[in-house]
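Take a look at the structure below.
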Amino acid sequence: MAAPAEPCAGQGVWNQTEPEPAATSLLSLCFLRTAGVWVPPMYLWVLGPIYLLFIHHHGRGYLRMSPLFKAKMVLGFALIVLCTSSVAVALWKIQQGTPEAPEFLIHPTVWLTTMSFAVFLIHTERKKGVQSSGVLFGYWLLCFVLPATNAAQQASGAGFQSDPVRHLSTYLCLSLVVAQFVLSCLADQPPFFPEDPQQSNPCPETGAAFPSKATFWWVSGLVWRGYRRPLRPKDLWSLGRENSSEELVSRLEKEWMRNRSAARRHNKAIAFKRKGGSGMKAPETEPFLRQEGSQWRPLLKAIWQVFHSTFLLGTLSLIISDVFRFTVPKLLSLFLEFIGDPKPPAWKGYLLAVLMFLSACLQTLFEQQNMYRLKVLQMRLRSAITGLVYRKVLALSSGSRKASAVGDVVNLVSVDVQRLTESVLYLNGLWLPLVWIVVCFVYLWQLLGPSALTAIAVFLSLLPLNFFISKKRNHHQEEQMRQKDSRARLTSSILRNSKTIKFHGWEGAFLDRVLGIRGQELGALRTSGLLFSVSLVSFQVSTFLVALVVFAVHTLVAENAMNAEKAFVTLTVLNILNKAQAFLPFSIHSLVQARVSFDRLVTFLCLEEVDPGVVDSSSSGSAAGKDCITIHSATFAWSQESPPCLHRINLTVPQGCLLAVVGPVGAGKSSLLSALLGELSKVEGFVSIEGAVAYVPQEAWVQNTSVVENVCFGQELDPPWLERVLEACALQPDVDSFPEGIHTSIGEQGMNLSGGQKQRLSLARAVYRKAAVYLLDDPLAALDAHVGQHVFNQVIGPGGLLQGTTRILVTHALHILPQADWIIVLANGAIAEMGSYQELLQRKGALMCLLDQARQPGDRGEGETEPGTSTKDPRGTSAGRRPELRRERSIKSVPEKDRTTSEAQTEVPLDDPDRAGWPAGKDSIQYGRVKATVHLAYLRAVGTPLCLYALFLFLCQQVASFCRGYWLSLWADDPAVGGQQTQAALRGGIFGLLGCLQAIGLFASMAAVLLGGARASRLLFQRLLWDVVRSPISFFERTPIGHLLNRFSKETDTVDVDIPDKLRSLLMYAFGLLEVSLVVAVATPLATVAILPLFLLYAGFQSLYVVSSCQLRRLESASYSSVCSHMAETFQGSTVVRAFRTQAPFVAQNNARVDESQRISFPRLVADRWLAANVELLGNGLVFAAATCAVLSKAHLSAGLVGFSVSAALQVTQTLQWVVRNWTDLENSIVSVERMQDYAWTPKEAPWRLPTCAAQPPWPQGGQIEFRDFGLRYRPELPLAVQGVSFKIHAGEKVGIVGRTGAGKSSLASGLLRLQEAAEGGIWIDGVPIAHVGLHTLRSRISIIPQDPILFPGSLRMNLDLLQEHSDEAIWAALETVQLKALVASLPGQLQYKCADRGEDLSVGQKQLLCLARALLRKTQILILDEATAAVDPGTELQMQAMLGSWFAQCTVLLIAHRLRSVMDCARVLVMDKGQVAESGSPAQLLAQKGLFYRLAQESGLV
């Protein structure tokens, strides 16, 4: 201090010659003098420079000169003055010749420089914006505690009278230090001009004082707010820049790319050297090197480079915590020595009790700081890895997309990323428990001598068993993840293709397939869990075996006596060893899971990407008349391993040209556009595009946003141009009818729009782009005749908005070819011919063959004109005045309702009030605590008998544990005769028997919880799947797919793993708490007085915490659903995103969604630490109470009983803290059960099968269909979409159904298949009302070929014969009939060929023919074709028509068509208008009437 006391007497620093009064002190006066003088300066000079360097690089602006800062500076300068005066006095005395020890000059000088450094730190902190300093807080605390203790002992020894001036100076300095310490507990004002931008709701951590940060009291405001009212997202704090995705992902991506490049160079060098040294063996080594060196290692290294500082800081906190952890056994040894010796004064026992309390508190604070740092690291790593996965999704090549379905990607971000980040908490568990074990053995050696060596043998003998178990668990874990992927992929396909499944009545078959995979998944999970239980019990048994063997050897072999100090200090050390041995299997278990997930992530991140060098592109555009697109001798393949799909393409397209691409199904039309986009792998050749590119895919992709955001697609809003685009794309009337106009949300996957509206919206997005090159993949296929003609004339054609731009149009509409500047005919992946329309007609080559196929055979008399003769000028007439007026009249003559209201729009109205609970893009959120019914639902799923059995087993093993500890206390109190205990063998034998019984009960109880959890998982998943699959089609149209996928992936994983794990831990710790409370109450009854208030405080903390934590968990789940939905949406539209060069805006959107999810996760993270820190601090009070009560009752208690009580009290802090945490975690996890039950009460479809109905096989025999005054509405509050429809279709009759968009054509098919139930009237088939027939019975007797052909992930045979009702011969015959036999025979595996999700590896025409083959195999009496030929070329359409005429000649056929050409062969045509049958008759009769059908034929160019 400024005025140090006299130096130590005697030799050295430590005084060994204290007088008798001081000898009774636990700490010598010389130690206090030395520590008080040197420890605070050493502390500041060691940490101060590091702290200065840190704040120099992490400044946050600067602080104003506040009153708090001024007070600190005044006190600091006052301390400097006092230290200076002490130095001056010492120098003056030396100058006067007064004999003084050197310490009287050295000590004040050291304190003077240290105080000056402290003042400098205070000033620097203000400059760098530090509001509260932990380093100075610790310094002022040390400056007060150690010198104050020294001064107090000197004062009690009459040292004050020896030099009153120096001691007055000391007390004055102590007073100033106390004032500085108090000020250091306060936080200064926020920084002025901070480097981070101002946030709307900043996290209070940055402005909290150091004590508040250490105890996490800055979280209390949020917890209290959550207790008073439900928390909302706006109540949560903003996310700091250091935690933002933009910052984290960019850093990780940069390091990863750098490491990958270095690894590739290294591997190439090694491969080159090995090739030179071993000849042909080099290629064998390269895959190994590529797998081991260039995949997982660079990513792991990058993660370490980015996040190592946070991890090391947390590890340092953990090491300091462990120092205090091992201080407790030493203090306990001294305490039991004090209890056993009646001579020492009572204050010594109280001092030891205080020291144990302080050590436990410091252990708590540092341990919670470690957990906080690692949790923050976990959150940051999650953001970074999710960002990497998202960026990879945007860069996947076509071959990689086939290998990774949407469900796989969702599984990666929802499960694998979570498991990988959770492993951060257990990384130190691989080495730190080993250090604990070594330290424990050192303690045991000190206590028991050579007998402790036997513990090493027992422990090491069990290690091979655990390594073997870990290896087996790894195998089963990988199997479970494989099955999880298969289930996720199939479940995703079911949810996305629910309409197709319901069309065919396949729900039951898909349920069986999913549940079969689920059964294998749970089987692997059960086996893995049982192995984990064996591992955990083996570690528990190893602890007991160590104690048993050590005690037995110590007492029986070495013939030593047991006493309380040996028994219970050993027991305390073994409890630490128990934690180490429990932590180790948890760490191994977590890291085994993380390794599997990490390998899967690395495999995905290393998939093949789109090569940006395939196309030589320029955004500047080309001059008029110059070539805009050039392809020279180019050959393309879908991936580097697959055979070429386009051969020797040579093509030059000048700027402003309209190029039409035609050809049969599978000719390579869409592949050509993909090649121009750079989506294909270029085998050879050259490709160049000048100017910005816009792309319209064949299958429209839209975002889950508003109409205007879909059209603008990240560009600035230009209202006049937007209006022109919407009008040209025939969207303006639709938009006008939407409830919020252009700001109306269209729902996920455009579920509020029809297929035609989605296609026009996709086209409008491209047109709005004002690009130089437009790649249009059959955009007119999903549009009816008049809308398609309008769109072509107004947008694509020579007089449209895109005139002057380069347009490559893939089309099957041959009647528009005369207006194209140039035509390419593709066949078998090569250009068959190209030229102008007239040139190709004159050649009479491939184009003429297509026109001949498209020309209808026979003399029908409809007056259909050949496309070549529809206009005199192949380019000019559409741009003239007269055709423009005719088109305008044709559009305006249609009533507004017909033009704007699609059937899908009618099905799911955008202004539906019921949709308020299901907004697009937002998940449902419950508020308040989880209801008891949810807990009961889970327990019922487990089974009441199994629940009671598990509780009984836990009780039995805990009774055995109590008896074992009590028996040890009796053993310790046995008197020794001749240095030995006569009953040692009996005591040891019963001790061992009780331990074995406890181990058996522990394994049985954990196995019971595990098996019960697996049973509950199976039932809850089965109910969720059943509830979703049994829902009507409207449920899928209004529920975002991401919300469903989240429940089938993340929530299911929580129910599978987290709930059984938390339940097992809760029961273990709850019964352990009962044991500890009983021990303390029996041994030291006075401690009961402290136990009851502590329990009340614990209950208060839990009540405050649980409500907020559960609500935060719900908000977190809902926010993460948005991340999954956006990830899935981007995966499906990545080609469009790349084509428009909008990767950066999409990455920004993903960053915003992930940041929002993390903004909600962070409060839950720190709330956990708030609970743990404060609950453990309260629990440490029980240690103090038990020790204090033991001192008070020292005369009445045996040493063994006191040891039993205090050692148990030392465990109550961790035990009670884990009870609260596991209960809270269990309630947080049980939210997943609540979310899985969200759809249990939604409306369901009619029964699939009815036990008694008239529709028994062979119904229907004839296929007669009769609509009687049929009416249909899609919602109860909506008007009828179809009304008053009455007609009869005779058995075997082929009837066409036509009409404008929204006329009600597809509604008739929906009513016939009962996708929507009749609102009035009904439908009869062969005289049987379909309302009296089960849904599956009805749908299995009707075949439908929908507009969008869907294939499911799985074999081709499964897609054709899902119910396995047909032989291979029958399937091959059906394929031959649809002319796909040769194609399938060429595929790898043939019928066992694995189809990609939604059949993306096949063309639309090929998929349509496969659907036709599927209908051939079903052999039903009724067939519905719902726009089945809209997306196929005329040749394929004629092929399908011919098969309908031959194979379905005896069937009743309903042909819903856009192309009137398709219905000209029908015996009768129904013309729908405004939901009613407007006209009915043969095509010739309807044309002669010159009514609505005639006008439609005019618009189609047929008359």
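Backbone N, Cα and C define each Cβ position, glycine as well.
Note on SER212, SER1065, SER1108, SER1286: Swiss-Prot annotates phosphoserine at SER1286; no matching annotation appears for the rest, which is not proof of its absence. When ASN15, ASN243 are looked up in Swiss-Prot, the one carrying the note N-linked glycosylation site is ASN15; the rest have no such note there, which does not rule it out for them. Here Swiss-Prot gives transmembrane segment for one range in the set 32-52, 767-787: that range is 32-52. If you check Swiss-Prot, you'll see THR570 and VAL1137 are listed on opposite sides of the membrane.
Annotation: stretch 534-554 has the most Cβ pairs under 8 Å to the transmembrane segment (998-1018), among 303-323, 427-447, 534-554, 576-596. Comparison of 303-323, 451-471, 576-596, 1199-1219 by number of C-beta pairs under 8 angstroms to the transmembrane segment (534-554) places 451-471 first. Here the transmembrane segment (1084-1104) lies next to the transmembrane segment (1199-1219) in space: the count of CB pairs under 8 Å, restricted to residues six or more apart, reaches at least 3. The C-beta environment of ALA667 (ATP 1 binding site), restricted to residues of the same chain at least 6 apart in sequence and closer than 8 Å, consists of LEU826, ALA827, ASN828, GLY829. With DSSP classes pooled into helix, strand and coil, the tally for the topological domain 'Extracellular' (555-575) is 15 helix, 0 strand, 6 coil. Confidence over the topological domain 'Extracellular' (555-575), given as mean pLDDT on the 0 to 100 scale, stands at 74.
In this structure, SER670 is the one among the binding-site residues PRO664, VAL665, GLY666, LYS669, SER670 with the smallest number of other Cβ atoms inside 10 Å of its Cβ. Under the DSSP three-state reduction, LYS669 (ATP 1 binding site) is assigned to helix.
Long-range Cβ contacts of SER1286 (phosphoserine) within its own chain (separation 6+, distance under 8 Å): PHE1267, ARG1268, ASP1269, PHE1270, GLY1321, VAL1477.
Secondary structure of the topological domain 'Extracellular' (324-349), assigned with DSSP and counted as helix (H, G, I), strand (E, B) and coil, comes to 21 helix, 0 strand, 5 coil. Within the same chain, residues 2-3, 100, 104-105, 108-109, 111-112, 115-116, 118-119, 122-123, 169, 172-173, 176-177, 179-180, 183 sit at least 6 positions outside the transmembrane segment (73-93) and bring their C-beta atoms closer than 8 Å to a C-beta of that stretch. Non-local contacts of GLY668 (ATP 1 binding site) by the CB criterion (under 8 A, 6+ apart in sequence, same chain) comprise CYS645, LEU646, LEU826, ASN828, GLY829, ALA830.
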